[in-house]
Each structure stands twice: as structure tokens, then as C-alpha cells.
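Shown next, in C-alpha cells, is the structure this report addresses.
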């Protein structure tokens, strides 16, 4: 049965699996017939439920090692029988059957059994026998069910618990469960993700249904039934003269057992790690493959194979006839890597590893340099044990199961281990599958995949989404659309980087040096970053260069300087005489932080949050806005160039409903920083509280008031008032959502604003003379048009604009409303667009206009224009907002804290205050 070896690999997830220890009223006497970790877990959990296992019938020891089911049962004192067979020439062995009957079982439970069990054993108990089968019966009867689920490209997988009869997987169904098949699932991933953990639960549930007299017996239909034979190496050669998806399904359906193979240069080569490729194929060296419709390509990421439909797939690893496995990307590498000479300390460690090998390969007399791990009888469970024992001994060492397959002899393994220990093979050239675009007099190279643990890789489910240029509505490129599994992998990478990686142990000053280097690289690539911001978000290029990118660079330099200046305090306390006490505080990083950023300033919002987060010593997982992911992914590339260790920064583009929600719920994330709408902020706060009470900072919506008094500098008030609304085409969190103009200057102010609006050039954001670019995306532009329609219906006066510009793209006319009364929708709700909303107030009515300005649930920013310093101070003290601008607007600085009051959120970006959002305070008291 081809799933047998794979059952061993599940030990990593056993610790995550548990069933309730509640005892049910009805209990059964059970015989467990089977083997493997799966059988072990079913046995353990049935006993937890109070059922009595009266006998375990499993396979004999192999090479001196007992099956896992036998190991745990013997430890519990349960009778264990290890019959090599139950039948001879088709007839039951009487003494075996009698030994079985003697245990007095009421039900046979067969979680995984590779032996043929006689019918007089199957039918003997009062309740008969139940069997686990890894398919949705009657589909894929037979011993290679999981393989055939993938080979045939099924969209759903699952398992069945059925009542055993004298047919082959034909008995009545007791219970079934199913799950979707992901595009790049293998036998291993499907089994470990669903069939193993859920199968254990289902077996336990089935036994209880039988005990309670509630178990159904649903006859299997023959409609849609199928039976496929056991997949062996001899019949697993891949047919390359078929479509790419069929080739991919064949390879993954045989990965890892028995392994799909083909012939290259006259020798049999087994293919592992298949995934479908998107629209672009990396450059590489051609490789002729027997039976292929066209030559393969060896690239930096692996071996590309083409199907008969000219579509492509990527194979990650190759295994040769001698058992040696290599990365497919290294197929043409000339010769073996030169041996490294071990130091005395390394020789001592090598001997300790030799002892680990000896402990696993107990059947081998001595571990020689040429001892082959697998030829000596090791299975995949032993691979996991080897890796975990070595990682336990060498904390922080990056070692994967795959490394064992790549170095199967002891001498090769030690060579690989020492290089890994020294870090010599960790700095492989980063492989990036760029999307390129010739634009703005340059070729822009844009990563489009998820960035996880220092590598760019496809989303786990293979999904992508288009990102759109708002200037003309065209597709820029496809971008990975991350899944929950991608978030989990990113969080795991960030957690490992924080807990055992170099980042957590790094001297703060060295951490600052890396952030300075990152800022320098951002400056070096500022034109490319600004171009990406412009085509992806619609920002005018000159503004993107100065603000979107320019302030991002300043932010990283500012927080780089803070890295070695984060300090605690010494605190005088009452002494416990006659002893003395010293109390001090330490500022510590939180751990893994999540950052969710909006689409209006993609790079700058990334910088505002992540720079403080990293300076404090945390690691992070960041979700860019779904509609503007490209600058964040380009930033990820620069972090590698800067030498930021892998796992410290992870970027997972995707939807808020999936990726953002998983971040909110994830138990290993300790802090979430969010910039976006108030309703989503409330949902995030709720999820963060319900999950693990993670720390939260929220920068949310605004309806910022700007008060213009008659004694203002009119020229400045008009210029800055225009900027307060139309800066970044109104897509600005602190935009002045409502202007209050003193009555005596109101009409003059409006006349001059209209004159200035008419001078604004609306057009291509890459044109250096453009003042006003497109709105970020189509849905937002349509919302702005609707906002204007509501304003007119409620009686506000539309003085200018209010419509979409008649040209390709998502352009909105700069708009001006007057006569806006306090009860109106546009007086209360944020537009987040280029819409100036003006109300007048009576001359001299300072307190009256303050009351109106503060009559909002938002409190992000505010402003006042007056030449009277006393009036300015009086108003600034009473405006209920996190930021107050006096005779200016939009003047933010990296050293000044930024954040709102009320439903505009809490917590600060920028300045020293932002560091405290990503730190915790520990008090230490010492008696001496």
C-alpha cells in the first residue's frame, strides 16, 4: 500500500492533535488490527475516551524496531500480537485465529492494516469490523487511493470509515469526510493536512457511534465506483506527451512514494516537488528529456517541463538511480563540492551525530563514512527523528527533512551539516520571477510572489489576482493571492527568526546598521519604487518620489537611529530592611507582529509601521492592500539585499477577509498594527481580543475639520486649504474632510479656490506637470461619484466637479461643495477623495465653530488658520484630534507622533511614541 511509508511522516503534527478526554457513557472492548503512527494515535485516543483495548494485532518488528502502535501498546501493558501473517495459501491459520478470539473483542478497529485478515476474524466480534480508507468511496477503491485522487485531478479528497465485508473496500459506509484538493497538494501534504488528523477523529467518533447504537450502515453504490491498482515504481513512469496539468498530477500523485520517473541522458530520474507555473518561465539551460514534447529548462528555481499544450510546470528535486537526490536547479553543476576539513570542535559534533545515526540505525553494526541512511533501513519517520534530534542539539541550525534526502551517506551528511553550521551554503542567490514593464523611461522589475522566510514563492494554493493600473485600467501583472496556509508559514518563519534566528540575538547597534543599509538601498532604487507606486496606486510621480518614497527612506533612517537608544529606568522603591533592593525596567520586543496597510500610501504606510517594529527588535508579517501590493514586494527584495535575516520580514499579499482575518486570529502573533477603515478596525480589535488578547494599534477613518478665520493670510489659507483636500488626489487619511470658513471671507475664499481648481492639470501620473492623478481603483471612484450625488440630493451646492473625468482610467474631477449643513451626509462622512466640503460660520463665533468641528466621532487631525496667536492656541487646545495644524496642513515628520482620538483609533506611528507600540515593559526587582 503506497500510503504506508507516508504514514510515518505525520509525527510532526501529532502534538497538535488531541481529542477530548470526556468519557462517554457507553464503552466497548476493542481489538486494534493495524500499524503505523496513524494506528498509534487511534489507539491512544480511543483509550482516552474510556474504551478498553483488549488486544493489538500488528506487524512483526522490522530490523529490530517495533511498529509505533506496538511501542505504545506495550508501554501501556496492552496485549500485543505480532503475527507475520493470518493466512497460508488463502486459509486462516488456526492458532492465530484462536489467539485473536481469546481477547474477547466486541469490535475490530482497523485504522491502517497492510495484512490480509480472514473473514472469520472480521465477522467474529458482536459489532463486526470497521476500516479506514483514504478516499470518498466508492471512488478509488484499492491500496493507492490517495495517489489516484491526485493523479486523476480530483477537486475533492477525503476518507471513508466503512464496515468490512468480503469485498475489496465495498462494505457499507459508516462515516465520510472530505476536503478540497489544493493545486499543488502532494500525497504527503494531503495526508498530513487532512486525512491523518481528521481521520483519527473520525475513527474515534465512529467507535462511539457504534457504542451508542447510532452507527449507520449505508450501502455503497456501484455508480461512479472505481478501482485502481497499487502504484509501484515499475508502473509510475510519467507520460510527458500529455497536457502539463496531467503531468503535474501524475508527479504529485507519486510524491514521495513510489516516485514518478522519466529518462534523462539514458538514466532513470525520479521527479519530486511539482508545481504549475504561471504566465512566465524563468530563463535557463535546455535539457532534452525522453518522450517530452519539447526540451525542458534547468532554471535557478528548478526543472521546467512542458506539456503537449505548451503549458509549463516546475520540478524542484531529482533523484538518480543510486538514490542520490539533488536540487533540479543544480543538474548542470559541474562536479561535487570540495570537501571541507573539520575543526576539532566540529569533529566532536560529528561523533555526536554518528551516535544519533547509530541510535536510529540500530540494526547496523557500525556507522561508517559510506553508510547510507536509507539503504540501512531508515524510513521517513527516521528522517524526522534525525532532523529533530540534531536541531535539538544545535539550536538555531536551519535543517530540513529534504536535506537528509540530499545527503544520504554519513560522510555526505556531515559535510552538508558542517557547511550549514558554518553558514557557508545559506547565502544562495535569491531567485525572483519578476514581472517586468517598460515605463517611465526605465524597465521596472517587480516581484509578484509571496515573500516568506527570505524567498519569493507562489501562494500555497497557486492562486493569483490581477493588479490594475488606475491610469488606464490595464493589468500590470498577476500577483500571488495568499491563503491561510501562507499566513501560517509566514508566521512560523517570523517566530523562528525571532526565537532562534540571528535577529533576536543581534546587537541593537548592528540591527540599526542593517536598517540604515536598507534605507540606503531604498534611496538607490527610489526612482523605480516611485514608478511602481505611481502605476500601482495612481500617485503623481513627483509626489511619489518626494513623499511616498522620500518619507519612507527618512522613516527607516530615523528608527535605525533608535535601535541602540531603547532604554529602561531604575526606580527607587521602599527597601526591605535590612536588605536593599534594586528595581529597574527593561524594554523588550513583543515577538511576531502583524501589519496590515492601506492602499493610499502603500510604501509609506509600510515604512511608518515596520521601521518602528523592526527597530524594537520584532519580526513581522505584513499584508499590503490587495489593490496595491507591488511596492511592498519590491521592498522585500531590498531587505534581502540589505542582509536582513530570513524570516524577519514576510509579505503575504491577498484579501483582508482571508489573510487579514487569519493574522487577527493567529495565536503566535503578539501585536497587530492596522491602518484602514473604522468598521474593519473594530472587527480586527474584536478578533485580536478573542484570539489571544494581542496588542493592537489602529489608525482609522477621519473627518478632519479645518477652521479658517477672517484674519488669516488669505493666500496661504487658499493654498494650504487646497492641499488639505486635494493632496494625493484626496486619498489622504488626514485630509480636511470639512472646511469651516468665517462668513465675512467665505465668498472670496470660494472664488479663489475655484480659480485654483481650474488651473489643476488632471492626467497621466507619470507626466511631471500633472497635478492630479487617477483614484486608486474603480470601486473607489464609483463611490466618490455616488458621494457627490448624495450631496446634491441633500441640498448642498455643487460649485465645481462632481463627476468622473471622460477619459480611460479612474479619474475624478476635483470637486467643491458649499452651503453644507451640519446634518448632511457629506458633512459627517469621509469621502477619501478630491472633494472639498465647505460650511460657513458667523463672524467671531469661535466657540460655536469649535463645537461644530468637534461634533464628529472621528479625531484624526484638524487645522486652524489665523494671524492671532492667542486665538490659534485657544482653538488648538480645544480641537479634539490627535494632530492640530496651525497655519499649515499635511506637515508630518518622522519625529512627530501621528495617530487619532475617538473612532479614528489609538496608538501612534512615527516618533519615539511609535516604538512603545512594539515594546513591552518588564520590571525586575533584585534584593542584595
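If you go along the chain as it appears here, the first residue is 1 and each next one adds 1.
Cβ atoms are placed via backbone N, Cα and C, with glycine included.
Remember, TrEMBL labels are computer predictions, not curated facts.
According to TrEMBL, the (6R)-10-formyltetrahydrofolate binding site annotation covers 115, 116, 117, 169. Per TrEMBL, the feature active site, proton donor maps to 133, 733. Per TrEMBL, site 'Essential for catalytic activity' is recorded for 169. Per TrEMBL, the feature domain 'Carrier' maps to 344-421. Feature annotation from TrEMBL assigns NADP(+) binding site to 597-599, 623-626, 656-661, 676-677, 783, 830-832. Sequence annotations record features per position, and here TrEMBL assigns active site to 699. The active site, proton acceptor annotation in TrEMBL covers 699.
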The domain 'Carrier' (344-421), counted residue by residue under DSSP: helix, strand, coil: 49 helix, 2 strand, 27 coil
Whole-number Å value for how far residue 661 (NADP(+) binding site) lies from residue 115 ((6R)-10-formyltetrahydrofolate binding site) (Cα to Cα): 46
Residues within 8 Å of the 115, 116, 117, 169 Cβ centre (excluding the (6R)-10-formyltetrahydrofolate site residues themselves): 110, 113, 114
Residue 626 (NADP(+) binding site), number of other Cβ atoms within 10 Å: 20
In sequence order, the recorded positions (116, 117, 133, 169, 733) whose C-alpha falls within 10 A of residue 832 (NADP(+) binding site): 733
The residue listed as 'active site', number of other Cβ atoms within 10 Å: 28
Sparsest-packed among the binding-site residues, when each Cβ's other Cβ atoms within 10 Å are tallied, from 597, 658: 658
The domain 'Carrier' (344-421) [mean pLDDT, rounded to integer]: 82
Winner by Cβ contact number (other Cβ atoms within 10 Å) across the recorded positions 133, 623, 783: 623
Residue, out of the binding-site residues 116, 832, whose Cβ gathers the largest set of other Cβ atoms within 10 Å: 832
Residue 133 (active site, proton donor) to residue 783 (NADP(+) binding site) - Cα separation in whole Å: 53
Nearest recorded site to residue 661 (NADP(+) binding site) by CA-CA distance, among recorded positions 116, 169, 699: 699
Rounded to the nearest Å - Cα separation of residue 116 ((6R)-10-formyltetrahydrofolate binding site) and residue 733 (active site, proton donor): 70
CB within-chain contacts under 8 A for residue 733 (active site, proton donor), separation at least 6: 598, 600, 675, 699, 701, 702, 860
Tertiary neighbours of residue 117 ((6R)-10-formyltetrahydrofolate binding site) (same chain, Cβ under 8 Å, six or more apart): 33, 86, 110, 129, 164
Inter-residue C-alpha distance, residue 783 (NADP(+) binding site) and residue 169 ((6R)-10-formyltetrahydrofolate binding site) (nearest angstrom): 58
Cβ neighbour count (within 10 Å, all chains shown) around residue 115 ((6R)-10-formyltetrahydrofolate binding site): 16
Cβ-Cβ neighbours of residue 169 ((6R)-10-formyltetrahydrofolate binding site) (radius 10 Å): 21
Other CB atoms within 10 A, centred on residue 661 (NADP(+) binding site): 16
